[in-house]
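Data block below; observations after.
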Amino acid sequence: MIEVRDLQVRYAGRLVAGVPELDVGAGECVAIVGESGSGKSTTLLSLLGLTENADISGHVRVCGVDVLTASPRRLREIRGARAALVMQSPQSALSPATRLGVLMRRALRLHGVGSGKDGRLDEIMAESVAAVMLDRAILRRYPHEISGGQAQRFAIALAIALGAEVILADEPTSALDVTVQAEVVGVLRRLREERDLALLLVSHDLALVSTIADRVLVMKDGEVVESGPAARVLTEPSHPYTRELLEALP
Amino acid sequence: MTSPQETTAEVPLRRLLPRVPDRFAALGAVLIVLIVLAAIMAPWLAPYPDEPRPLEGSLPPGAAHWFGTDQLGRDVLTRILYGARTSLSIAVSVLAVSALAGVTLGVVAGYAGGWVRDAIMRVTDVFLAFPALLLSLALAVVLPPSVTTVILAIAVTWWPWYTRLAASVAASIATRPYVDAARCLGVPAPLIVWRHVLPNSLTPVLVQMSLDAGGVILTAAALSYLGLGAQEPTAEWGLMVQQGQTLFTTNWWIGTFPGLAILVTAFAFNMLGEGLRNALDPRARKVT
Amino acid sequence: MLRYLARRLGQALLVVAGVVVLTFTVMRLVPGDPAVAFAGPKATPEELDAARERFGLDDPLPVQLVAYVRDLVTGDWGVSLHTRQPVRDDLYLAFPASLELVGAALLIAVVVGIPIGVLAARYKTKFPDFGVRFGSMLAVSVPVFWLALALQLLLAGRLDWFPVAGEYDSSLDTTSPLTLWTNITVVDALITGNWPILTSTLHHLVLPALVVAAYPTGVIAQMTRATLIEESGQDHARLERALGFGETSILTKFALRPALSPVLALIALVFAYSIVNGFLVEAIFNWPGLGSYAAEAIRSRDTPAIAGVTLLVALVYVLANLVVDVLQGFLDPRARTR
């Protein structure tokens, strides 16, 4: 679903993210780990063409679309509908004056999901919310009236409602309490199994990564220093930086 | 801006450096320099500096009088150049008086805190509850018409903004660790204010002054237009518009050019003020 | 929400009290004897004493202040020196016309200012943005009295598109007299179906309303632009982009509503400012509002009338701010819990 070759993202000539190879298939979960500033979020955003003022080179295919050469219109068609983004700060990622249901309805209409007058729209909305174990009443709420965990699960519900095949999650749990983290991770893992979603996860939390990822990329200062199956990278790291990260774990 | 914001490490250095001054602000600055020069050089620049000299009534703009002459036969361009002196000195005086009074009160309020702060801030609330021009008007009506009246009447409505500004800066400085440390070491309060609070208030106050200058010039012109400010024979733009008013349909140039002078000057200050605010306020910087 | 309202109301009352004290102080600053001003220069000593007695000028200041407040509350706002009518009655007649003018101006300002603000934000740093920034800066820098004279000369005098002055064609008073309900001519003409006066008033309203609208239009456009650009840089705008929304729909569907909240607060500020700006415009267009009244009062140094106008406008200002705070609660759900 995601295919990256020789991706290089530069701001004002400076390389902030370079990824030689990254593939995520349906039902797979790949994690990019690294500390703040390592370029992992930039990599994620560039997959949807959401980096502003950046020079990007290489080849990026997401759901069969060549992101770097696609027209803005084509890009907007895959955004949300096929590849959805889940952001780090759950509440500030939702428009403050818009009820969650209104946001979801607008997004569905935009991509022509559940159109027609047979009431499919409401059905889809209800199903997606139920799939992330939220109450339907949440659709009538404003972002400031819900908790961070609820907001994050709602963001996932948006992806489900739109029928996304890929979820790009940028530190989806780092702003949450430990117990709530487990909920969100649970939802992600279940969806991946049930719906065969491709999941690309950016995180600095190795504990989280070890529970969910199949493969891991370790980034430092904009470059991938190590990559491989999660089980190997996290147990027998070959790069000193990965060892450092692992030793920092409690 | 949607650049990645994991940390500043991902933001290229060039973006953190002060922005290239924006073209609007530059235009404003150039205009202001020209206006100030015109005011200073008025006696040398003015085509007819040795007025009054009675001529044969009001002449339309022409080669001898670019902006025409008024009903007393005085050259309009000459009077506009001299009017720049009046307007600029009013603006400078008002801003100096209000900034001085406002900052003093604000620093006291912000640094002292407690009931002193509450009392001062409540009083500023009352002043800010008035539209500035209204209070200036009411004051100017009861005082004898003169340039001093205008300065006083406007300054009375303008100081509370500086009080608010200085109070918020002072309050934030007063809680900084190094100020705490100084206090614990027994450094007297006035010295702390002098060394830490005032220098930190300077930049926002200067920016505010440049933002306010346009408004002050407009208000002063309005008061003079109403006959509450400068009096004949002083050259003042607002007064000149008022004098040209009755002849506006036939001798349009008498009132039109002084009005344009007000517009250009207020415009220049507003541009510069906005540019400076955008350059210095990181929140506003995102905007342009 | 209720507790928030009560607190806001308390603050407003405090401000009103301060405003009354301030007006009182300003009135006492008058050089010369108010009794002379009222009774006239040729008054006998008895007449002067009577005037002094009437205004309580011999009492100590605090007593005078208390009496002043009592009079205000009971509806005695003093007697105008130039109309010789109770100030309250004068204001009652003049205020609706000002409201009409400023209302029309703010309508223009909102209808023009918000869309061009959106336009500028959508094409930020491009040509439309440049044009809007330049134009709005000109609009806030123009001296209104001069703009009034210039437009009057060009559009009414030279081109004859609009009438030069007045509120409506006064000959209509005999052919189709207006029944007064609210004293706001447009509203009265509308509810009584007086079409000749309605069209005539609207025609007369265009020029002065355009002049008064210049400043609020500029400020609203600048504010809309700035808040929209800030909103579109927020996290949620990134999510909306990631959901496939285009820039225009992000601005109009998501960013505009929260951005309207500061714009609304601005309208309250600008409302009072426009009334005062109207002072400079009304006299030029002979619009029978507070401004014409105040201009006449200023010319004759009519302190009670000035004090009345000042007090009224300040009260309107406080009220407008209060209304805006309540409205903001509805517009921006976050404000309610603040």
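Count begins at 1; order follows the chain as displayed.
Each Cβ is built from the backbone N, Cα and C atoms, and glycine gets one as well.
Those TrEMBL annotations? Automatic predictions, nothing curated.
Long-range contacts of the transmembrane segment (C:12-30) within the same chain: residues 37, 61, 64-65, 68-69, 72, 303-304, 307, 310-311, 314-315, 318-319, 321-322, each at least 6 residues beyond the stretch ends and with a Cβ under 8 Å from a Cβ of the stretch. For C:12-30 (among others), the entry in TrEMBL reads transmembrane segment.
Per TrEMBL, domain 'ABC transmembrane type-1' is recorded for C:95-328.
Sequence-distant contacts of the transmembrane segment (C:101-122) (same chain, at least 6 residues past either end, Cβ-Cβ under 8 Å): 128-129, 132-133, 135-136, 186, 205, 208-213, 216-225, 228-229, 232, 247-248, 251-252, 255-256, 260, 263, 267, 270-271, 274-275, 278, 281-282, 287, 289. As annotated by TrEMBL, transmembrane segment applies to C:101-122 (among others).
Tertiary proximity for the transmembrane segment (C:134-155) is limited to same-chain residues at least six positions away from its ends with a CB under 8 Å from its CB atoms, namely 113, 116, 161-162, 164-165, 207-208, 210-212, 214-215, 217-219, 221-222, 277, 280-281, 284-285. The annotation transmembrane segment is assigned in TrEMBL to C:134-155 (among others).
The transmembrane segment feature in TrEMBL is assigned to C:202-221 (among others).
What TrEMBL lists as transmembrane segment is C:263-285 (among others).
When Cβ-Cβ distances below 8 Å are used as the criterion, the transmembrane segment (C:305-331) is approached by residues 1, 4-5, 8-9, 12, 15-16, 19-20, 23, 26-27, 72, 77-78, 80-83, 87-88, 90-91, 95, 257, 260-261, 264-265, 267-269, 271-272, 275-276, 290, 293-294, 297-298 of the same chain, each at least six residues removed from its ends. Residues or ranges marked as transmembrane segment by TrEMBL: C:305-331 (among others).
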